[in-house]
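Q: Below are the features listed in TrEMBL for this protein:
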type	residues	note
COMPBIAS	7-17	compositional bias 'Acidic residues'
COMPBIAS	37-47	compositional bias 'Basic residues'
COMPBIAS	48-58	compositional bias 'Basic and acidic residues'
DOMAIN	140-261	domain 'MI'
DOMAIN	264-388	domain 'MI'
REGION	1-95	region 'Disordered'
């Protein structure tokens with residue numbers, strides 16, 4: 001209970017007198033309304049003052065002094081403002097619509113939405129996804145390829161090396177692979193050099209091109225002044241590598257001709273002269289064993305060439321048996337189309353020399369090629385590329401049947 005303000009008592013009395021009289025001038029009526037409004041404001045101020053005093057007293061006594069209905073009372077309150085939900089973070093803290101979502105979440109493929117502002121019907125469905133393999137720089141290539149080549153010296157499987165190199169992004173540094181392999185072989189044994197020559201033949205067409213190999217040997221010819229510091233016989237050894245590569249069709253046959261009159265380095269000139277001497281040997285005798293080691297794993301194109309020469313130099317039904325053997329090698333996948341073609345092409349290149357020992361070589365070879373085409377061992381295009389024997393033309397009977405040269 002509290003005492004009423006004396007002003008309020010006077011106002012009530014005046015108001016009651018006016019109401020009881022029920023009459024008065026218009027000025028009195030306006031005055032009464034103004035007094036009523038003033039009285040209401042005073043009561044409102046007194047009530048607010050009492051509430052403030054009550055809250056301060058409660059706070060001093062240790063009770064919570066924050067009004068739960070005030071904005072500050074709702075600070076850090078996770079309860080839904082709309083009265084729904086349990087007050088937990090939205091989507092586990094991953095955000096709402098249009099944001100990236102929680103870290104580490106892998107999303108499945110979603111169909112394109114035509115309502116998406118970035119949707120383009122003209123290009124939709126043409127996106128191609130693939131694994132991106134970074135291109136190796138010089139240091140990374142050396143650290144990666146060196147162990148592969150050294151392991152190859154142990155197992156001698158060129159197909160495994162080709163498979164490993166195909167998984168790498170060599171980019172414009174493919175020519176550094178044969179350069180690195182030959183450099184390692186220079187410091188190794190004769191067997192390592194033989195394996196390296198075979199490796200270049202195995203990688204051709206799969207990992208390397210003839211231009212890549214030519215670029216590699218060109219680089220090594222320029223690096224000979226540095227190579228002889230560790231391997232004094234590097235010029236002679238590199239010349240043997242070049243000759244073997246030309247004989248194996250890894251390097252183009254005109255590789256040496258491109259250096260005529262353009263070599264100023266004595267070491268490079270010695271390497272090229274060594275290669276020229278080896279290649280000048282009749283029918284390439286000795287190049288297959290240029291490193292002084294043999295073995296059963298000879299390049300396939302050499303086996304094809306030897307098989308064809310056996311047919312040309314033999315008699316009887318050797319041709320039929322050899323065609324069956326070549327067909328078996330082709331169907332089993334041991335011989336590729338490129339290897340088969342290069343083996344026959346080597347025979348075509350050596351026909352002038354073979355003709356000295358086998359005068360009927362052209363006739364025998366034409367029959368053998370026809371059998372190979374019938375059994376689908378070679379293509380008609382390869383058969384037609386075989387050089388034909390120069391035909392002798394006879395003049396009229398009046399010339400006595402003389403042969404016209």
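In case you wondered, yes, glycine gets a Cβ from its N, Cα and C as well.
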Q: From the DSSP assignment alone, can you count helix, strand and coil residues within the domain 'MI' (264-388)?
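A: Its residues fall into 84 helix, 0 strand, 41 coil.
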Q: Would you mind splitting the compositional bias 'Basic residues' (37-47) into helix, strand and coil residue counts from DSSP?
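A: The counts are 11 helix, 0 strand, 0 coil.
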Q: For the domain 'MI' (140-261), jot down how many residues DSSP puts in helix, in strand and in coil.
A: 90 helix, 2 strand, 30 coil
Q: Between 0 and 100, where does the mean pLDDT of the domain 'MI' (140-261) sit?
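A: So the average pLDDT across the domain 'MI' (140-261) works out to 90.
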